[in-house]
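Undergrad: Feature table excerpt (TrEMBL):
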| type | residues | note |
| --- | --- | --- |
| DOMAIN | 85-512 | domain 'Major facilitator superfamily (MFS) profile' |
| TRANSMEM | 86-107 | transmembrane segment |
| TRANSMEM | 119-142 | transmembrane segment |
| TRANSMEM | 154-175 | transmembrane segment |
| TRANSMEM | 181-197 | transmembrane segment |
| TRANSMEM | 209-230 | transmembrane segment |
| TRANSMEM | 236-257 | transmembrane segment |
| TRANSMEM | 311-331 | transmembrane segment |
| TRANSMEM | 375-394 | transmembrane segment |
| TRANSMEM | 401-418 | transmembrane segment |
| TRANSMEM | 424-446 | transmembrane segment |
| TRANSMEM | 458-478 | transmembrane segment |
| TRANSMEM | 490-509 | transmembrane segment |
| REGION | 518-537 | region 'Disordered' |
Amino acid sequence: MEEDLFQLKQLPVVKFRRTGESSRSEEDGISGEHEVQIEGVRPELEPVELGDGAAVPKEFANPTDDTFMVEDAVEAIGFGKFQWKLSVITGLAWANAMEMMILSILAPQLHCEWRLPSWQVALLTSVVFVGMMSSSTLWGNISDQYGRKTGLKISVLWTLYYGILSGFAPIYSWILVLRGLVGFGIGGVPQSVTLYAEFLPMKARAKCILLIEVFWALGTVFEVLLAVVVMPTLGWRWLLILSALPLLLFAGLCFWLPESARYDVLSGNQEKALATLKRIATENGAPMPLGKLVVSRQEDRGKMRDLFTAHFRWTTLLLWFIWFSNAFSYYGLVLLTTELFQAGDVCSISSRRQEVKAKCSLTCEYLTEEDYTDLLWTTLSEFPGVLVTLWIIDRIGRKKTMALSFLVFSFCSLLLFLCVGRNVLTVLLFIARAFISGGFQAAYVYTPEVYPTATRALGLGTCSGMARVGALITPFIAQVMLESSVYLTLLVYSGCCLLAALASCFLPIETKGRGLQESSHKEWGQEMVGRGSHSPG
């Protein structure tokens with residue numbers, strides 16, 4: 001008896017563990033495939049070394065985890081053909097910059113054609129920002145409640161419809177209402193960044209979101225080139241209709257867009273999320289992680305109070321001021337550029353203002369070819385901002401990138417106090433615009449990263465709404481205050497950006513190198529930092 005017991009002890013211990021994605025019951029799983037692990041017996045396997053950034057072979061993809069989250073799947077699948085397609089399609093929505101750039105072309109044209117006074121011309125610009133400000137939070141709420149794809153599609157189709165309709169406006173009051181409705185739709189287009197970011201692996205997220213901002217610059221350049229061709233022949237009505245082309249193209253391609261897998265998991269739709277992840281893996285030619293997709297705890301989505309919990313209260317308040325300062329300074333610089341170029345330098349503005357006061361408010365001038373050339377060169381200054389931000393954002397972090405952008409803008413604003421020549425003035429204005437646009441782009445990277453999935457769209461929407469408040473106020477500084485004191489005007493912009501730089505430094509969370517947070521019930525930083533940081537155990 002003792003001899004038999006001794007022999008039994010010498011036998012290897014066999015453990016069984018079921019693998020794969022099956023959700024069958026235990027009774028059904030008896031006849032399924034199992035993995036046999038024999039302790040004490042080590043198979044002869046050669047070690048495999050992967051180069052930095054190399055894809056994990058299919059046979060080694062997530063071999064031991066029984067469950068995985070959406071973040072795990074996105075990181076394992078990586079960046080590929082699916083993300084390239086998504087970049088182009090969401091970029092078409094982001095090219096709505098044409099609807100913004102058209103304001104600088106449409107205003108002087110209607111001023112002359114309909115003999116509008118100056119305040120009515122200014123109202124054409126302001127009403128667009130009013131529409132954007134009033135709708136940004138609403139679109140964010142819709143995206144958190146009903147899905148990112150749903151909110152984006154409705155906002156783009158809304159903008160497309162009223163953008164085309166405004167080309168048929170018979171009188172001023174009609175076009176004022178219609179452009180306000182266009183602004184209402186544009187307020188939801190930033191949700192494309194939310195949808196885009198939730199499909200990007202950690203290492204590619206910052207660069208990709210910055211590169212999609214290139215579509216904004218391309219949209220403004222295309223608008224100027226389109227105006228050069230259309231305005232002399234077909235007129236402003238056709239310009240309004242043709243400016244909707246990118247959104248029309250997006251509307252035709254949006255059927256391809258999937259809903260965010262992160263949103264589906266959060267809303268309890270596990271099967272749909274898994275199908276989306278499998279689709280991405282198939283298009284990218286990458287393996288899906290083995291195991292079962294974990295269903296995150298369902299939460300109330302799109303609630304304003306979640307932006308002011310203990311973890312996010314200061315982040316929300318500081319981001320609101322940062323976004324306000326970005327739009328306030330960016331659009332203020334656009335308005336100041338025209339004034340400063342026409343005067344020659346800061347010291348000449350006061351004398352030029354005396355001459356302008358003597359002119360009739362109905363005096364108008366149509367845009368010339370030289371004016372379009374100046375608009376084009378001013379727009380091209382956006383591209384250096386993208387390149388600089390792209391180079392530094394993953395080196396020094398999101399917070400420091402925003403702080404640096406505000407500091408450079410503030411410094412350039414102070415240098416404008418000097419009576420510099422036209423060439424130096426041009427250089428300072430271009431540097432200032434490049435960096436303030438770069439700060440805007442860094443904010444678009446940081447904001448979707450810092451908020452959890454349940455409030456990500458709402459957080460971005462409220463920040464976008466605060467930016468529109470800044471855009472509404474800045475004409476009173478860049479145009480009204482400028483008439484009384486150019487130095488006080490420059491001091492306001494410089495001081496605002498200096499405070500925004502401090503606000504960027506005081507942000508409590510740095511998102512560089514972090515995965516997107518899924519649940520608001522976890523402390524920030526509990527989410528995975530990246531699959532490469534997992535310990536072998």
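Every residue, even glycine, has its Cβ placed from backbone N, Cα and C.
Relative to the rest of the structure, where do these features sit?
TA: Within its own chain, the transmembrane segment (86-107) is flanked in space by residues 121-122, 124-125, 128, 152, 156, 159, 163, 182, 186, 189, 192-193, 195-196, 199, 208, 211-220, 222-224, 226-227, 231, 236, 239-240, 243-244, 246-247, 249-250, 253-254, 256-257, 334, 367, 375, 379, which lie at least six positions past its ends and keep a Cβ under 8 Å from the stretch.
Same-chain residues lying 6 or more positions outside the transmembrane segment (236-257) and placing a CB less than 8 Å from one of its CB atoms are 85-86, 89, 92-93, 95-96, 98-99, 102, 105-106, 109-110, 113, 149, 152-153, 156-157, 159-160, 163-164, 166-168, 195, 219, 223, 226-227, 230.
Long-range contacts of the transmembrane segment (311-331) within the same chain: residues 402, 406, 409, 433, 436-437, 439-440, 443, 446-447, 450-451, 455, 459, 462-464, 466-471, 473-475, 477-478, 493, 496-497, 499-500, 503-504, 506-509, 520, 523-524, each at least 6 residues beyond the stretch ends and with a Cβ under 8 Å from a Cβ of the stretch.
Beyond the transmembrane segment (375-394), the same-chain residues lying 6 or more positions past its ends with a Cβ under 8 Å from any Cβ of the stretch are 101, 104-105, 206-207, 210-211, 213-214, 216-217, 220-221, 224-225, 334, 337, 401, 404-405, 429-430, 433-439, 441-442, 445, 512.
For the transmembrane segment (401-418), same-chain residues at least 6 beyond its ends with a Cβ under 8 Å from one of its own Cβ atoms are 322, 325, 329, 333, 340, 346, 389, 392-393, 425, 428-429, 431-432, 435-436, 438-439, 442-443, 446, 487, 490, 493-495, 497-498, 500-502, 504-505.
Non-local neighbours of the transmembrane segment (424-446) in the same chain are 190, 193, 205-206, 209-210, 213, 319, 322-323, 326-327, 329-330, 333-334, 336-337, 340-341, 344-345, 378, 381-382, 384-386, 388-389, 393, 398-399, 401-402, 404-406, 408-409, 412-413, 415-416, 463, 497, 500, 507, 511; each lies 6+ residues outside the stretch with a CB under 8 Å from one of its CB atoms.
Tertiary neighbourhood of the transmembrane segment (458-478): same-chain residues 122, 125-126, 129-130, 132-134, 136-141, 143-144, 187-188, 190-191, 193-194, 302-304, 306-307, 312, 316, 319-321, 323-329, 331-332, 335-336, 339, 443, 447-448, 450-451, 489, 492-493, selected by CB-CB distance under 8 Å and a gap of 6+ residues from either end.
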Undergrad: Using Cβ atoms and a strict cutoff of less than 8 Å, what residues sit near the transmembrane segment (490-509) while being 6 or more residues removed from its termini?
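TA: Residues packing against the transmembrane segment (490-509) from afar: 314-315, 318-319, 321-322, 325-326, 328-329, 332-333, 346, 399-400, 402-404, 406-407, 409-410, 413-414, 416-417, 436, 439, 446, 450, 477, 481, 524.
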Undergrad: Under 8 angstroms, Cβ to Cβ: which one of 154-175, 181-197, 209-230 has the largest number of such pairs with the transmembrane segment (119-142)?
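TA: When the Cβ pairs under 8 Å are tallied, 181-197 comes out ahead.
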Undergrad: Please average pLDDT over the domain 'Major facilitator superfamily (MFS) profile' (85-512) for the predicted structure.
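TA: In the predicted model, the domain 'Major facilitator superfamily (MFS) profile' (85-512) has a mean pLDDT of 81.
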